[in-house]
Amino acid sequence: MSVSGDDFDDYFDDEIDDVIVPGTSDTVESVQTNNRPAKQSDISISQGNEEDEFQSPDRLSGNAVQFEDVERTSKYNVFIPKCKNVQENIFVTQLTQPPSPPEMIRGPRWKKPGPEPLAPEPATTRVGANHQSDQYHDEDKEMEAAIAASLRSFEEENGGDVPSTASGSTPARTAAAPCAAPKGTAADVPFDLDDIPDDAFDSDLSLSPPRSTSQATRGPPVQSQFRTNRPLGLRQSTLFDMAARNPDISSQRGEQIFSPPEKSEPPTHHKLNEEALNTWVYPTNLGKTRDYQFNIAQRGLFHNLLVALPTGLGKTFIAATIMLNWYRWTKSAQIIFVAPTKPLVAQQISACFQVAGIPRSETTMLTGEAAPGIRAEEWKSKRVFFMTPQTLVNDLKSGIADPKRIVLLVVDEAHRATGGYAYVEVVKFLKRYNKSFRVLALTATPGSTVESVQAIIDDLGIAKVEIRTEQSLDIREYVHARDTEVQTFQNSDEMVLCMELFTRTLQPLVDQLRNLNAYWGRDPMALTAFGLTKARQQWMGSDAGRNANLALKGKVNAIFTVLASLAHAIDLLKYHGITPFYRHLLHFQSNTDGQKGGKYQRQIVQDESFKKLMNHLQPWTKNPDFIGHPKLEYLKQVVLNHFMDRGEGTAANGDQSQSATRIMIFVHFRDSAEEVVRVLKRHEPLIRPHVFVGQSSAKGSEGMDQKTQLSIVQKFKKGTYNTIVATSIGEEGLDIGEVDLIVCYDSSASPIRMLQRMGRTGRKRAGNIVLLLMQGKEEESYIKAKDNYEKMQQMIASGTRFTFHDDKSPRILPPGVRPVAEKRQIDIPVENTQADLPEPRRRARPPKRPPKKFHMPDDVETGFAKASSLTGKVTKKAETKRAVRKPTPEPVEVPALEEVLLTPRQQQDLERRYCHIAGTSPEFIRNPRVDAYPRLQSVPRPTKAVKHGSLTSRMIGTLQKMGKVSVDCESRYRKVLALDSSKEIVDSVLSRDPWPPAKNSGRLGEKTHAFKRPSATPRPNNVHVREDENEDNCTPELVSPEKLMSSFLEPHTERPPYSSQRSQDAFELDFPDVETLLNRSAERHVSRKRNRFVLDDDSDE
């Protein structure tokens, strides 16, 4: 075979995957020995005997490639590699793409055939092949088998018919380059290279995961766990208009049958309705059954599922179906539907009431507006809850909601479930107390990066993903057409003038940062807040910033702060209009009034260019007909044309509620929203716009609470407003089927926000989308967001980049239960037709907040644990002796006196039997004597059961003291009693105490008398007043000073020890005997013992 110079050029222009370029060391040597490299030579591959046009590279390796000189010069230069490389055949089981240097040309890679041998091919006669060895024939067959296996695998992945290899007639294989075959060659290769698609040997695993080769060679494949009526011969294309070689099973058309996973797990704690477990209900109230909704709902019953569907394809219907079946399967378990805002919650309630048929009496809607006491009552009596995630977190933490009763959690707008959002906190809290609950996550845009999607899967415990794109086969017929119009604009003359003046104002500050190497940009109009923040951080972290003095650091920080505050004004001017730009500059200028503001802020305000700019802006903004941005003018024309084309305002009655079309306009800032509303209100009543913003209040703009937001949405649905100008609050979840036009006033670099905006239209009928973009950065952001969305959808559909958590998805249903689908009409209760929301009624006096309740997780260790027990070492406890149990004394009532006294008959019996002793000598029985046996009486005698009483103890003590008295005590006491009669006056004075005790006023050292008591006569310690004077005369008797002084001046006689002040010479005291003393002591305790129970009988009385 010979190839001319032109054919050689075309040969290298083709893709390397389409042809096989044989190369050997001999070829390289022949090229290097060519004396005329500028001339292109013809290629002649000559072999001893003519055989196939293309043979195995190994067969060609032994033949030299001869170059014949030609006089014609080629326009291409032949690349001569410096290193010799032998391009060998590589046979692999999977078409992976290993890393290899681009300068090295490798040989072809072939996929090996299956383990089972292929059908024997018919023998063919090769002309002139007798001189070749059998080794070449074996390698040729191996290559042919590899090509056959590759083509068969490709056809299977695309659902096409696999060509039979056992047939005797096979198409002839021809060369890639058109050339005539020499005479005498036999073209008996069983495949044609033209029949092999361009991407047959593509190694992209995300698009074509490897399949078992056994299925490709064994005939009919084994029936899997689902059956499908997918039509053959269809070829699905991807978002990039490429052939999808392995369409995901979930996107196949037709109904599939799934079963609960077989898992070994403990039985659920929920009470199940065994009669309803055999079937699961699919509502047919909405008409035709959609296969993708049937398949997704079935899988969501048995797995923790993430559903990613384009907007308007019935995610709420899927959620309502799953909620209905878990409501049937359980008796008292609770089902929760959470959505970010109250308008979304209210929207889902109305949809579930009309689809699932769950009784209204079992349903409630809870938000932060309801009192905690009312919410506690709702948690006790209801089973289905629609609420915001923040309210659910508060109820779970306070113990109002029981986490163990929850069996299903439906999460709407699940792309928010990242970081510390309330969705994540709810799932974490439930996992601590409940191991048996299902999670269903709904979203239209799962995420913009692989990390964000994986975070959603991890935080929610997702086990399966069901994703569809607008090009999926099973949803294509239900997707309404949406025409997207992208309109780009250039800056107007007024905007250019403002940019020039503002550039002159900011240029000095930018130059100062450039001179300090703190910022490298030259154009002030390219300033962004994020870029300035990063530049400040880099300069502070550099050597220049760390070594700078405080004055220089303060200067750089001040300049960065001023420029960052004005960077937002630059964005307003570029993308939103002159009026928002002017409002921002007015606020910046007001901060410098008086002594307010810093040095560089006042420098900008006092600049001549800034003053010129403000002089231009002031008359423009005061003109009501002024439109400060080319986007606004185009927007006005688009809205007017839309309403006029739909016949808006032409009704005879002029009823505004008859409006059949709606428009939603999305902006990024509230200033832009107010400016758009101001421009559109000029054309009322044809255009009836209203702004729709979030709850937080900003400077110059008040927020909307959830009640106001819900009211605006209802009026928008009824037709009171036919145009809504919304910020990001309106991007998610609003289902208004009459929205036929979406206008994106500015672009968003986030693919999630962009797709959410576009999803507000095309729900009930075809819709239109108009994107208003400025040339440059905004247009690039839109293209980037679109490409990012398409790439992420492809990654999620392949499922090769994510890790799913099947272990966190419980079965819940008992083992062996396989519910069968039951399609039927659901009877909607009459109570569900009420228009108002199922909110709890407000009360004049709401119930009190219940006390906080702490729920206990399952299998938790209660009580306190010792540190020694945590180490795993078991220590033996010291054996304690068992204490002897003492009998508990019982109270005994004291009987009456009449009951214990002897009767006359008993008295006679006592005297006759015990008091009278017969005999000659008289015997007398007397009371116990205390003077008998003095030594035994003064010592307590041993006791066993009954102890000595208090009276006995006191008696023993008295006798012991009496025993210690000496023999001469009588003479000593007589001296004490024989006192002088002159001492009587002193004794009486001292006993009456003419100096009364001072009242304690609470302060130390306070004096209450004018004079002190004489120190010569100290006051005795034990002074008692006579009894006859103490009772009648409370006031002491006054004594004359002469009599008192005479008593002190008399000679002092030494008093004997133990003298008593009451002793007198005239009489001698008669001390009572011991029996009298004992009787008096007992009488003082009588009154105390009368009303007291006797606990133990231990008295000797």
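Backbone N, Cα and C atoms are what each Cβ position is placed from, and that goes for glycine too.
What Swiss-Prot says about this one:
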{"type": "BINDING", "residues": "Leu309, Pro310, Thr311, Gly312, Leu313, Gly314, Lys315, Thr316", "note": "ATP binding site"}
{"type": "COMPBIAS", "residues": "24-48", "note": "compositional bias 'Polar residues'"}
{"type": "COMPBIAS", "residues": "170-190", "note": "compositional bias 'Low complexity'"}
{"type": "COMPBIAS", "residues": "191-202", "note": "compositional bias 'Acidic residues'"}
{"type": "COMPBIAS", "residues": "209-228", "note": "compositional bias 'Polar residues'"}
{"type": "COMPBIAS", "residues": "842-854", "note": "compositional bias 'Basic residues'"}
{"type": "DOMAIN", "residues": "296-464", "note": "domain 'Helicase ATP-binding'"}
{"type": "DOMAIN", "residues": "634-808", "note": "domain 'Helicase C-terminal'"}
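Distant neighbours of the compositional bias 'Basic residues' (842-854): 371-374, 376-377, 398-400; these residues of the same chain sit at least 6 beyond its ends, with a Cβ under 8 Å from one of its Cβ atoms. Of all Cβ atoms in the protein chains displayed, 20 besides its own lie within 10 Å of the Cβ of Gly312 (ATP binding site). Around Thr311 (ATP binding site), a 10 Å sphere centred on its CB holds 23 further CB atoms from the protein chains shown.
The compositional bias 'Basic residues' (842-854): residue composition by secondary structure is 0 helix, 0 strand, 13 coil, according to DSSP. Taking a C-beta cut-off of under 8 angstroms and a sequence separation of 6 or more, Leu313 (ATP binding site) has the following same-chain neighbours: Tyr292, Arg468, Ile475, Tyr478, Val479. According to DSSP, Thr316 (ATP binding site) is assigned to a helical segment. Other C-beta atoms found within 10 angstroms of the C-beta of Gly314 (ATP binding site) number 21, with every protein chain shown included. Note on Thr316 (ATP binding site): other Cβ atoms within 10 Å of its Cβ, all shown chains, come to 20.
Confidence across the domain 'Helicase ATP-binding' (296-464), taken as the mean pLDDT and rounded to a whole number, stands at 89. Lys315 (ATP binding site) is surrounded by 25 other CB atoms, counting those within 10 A of its CB over all protein chains shown.
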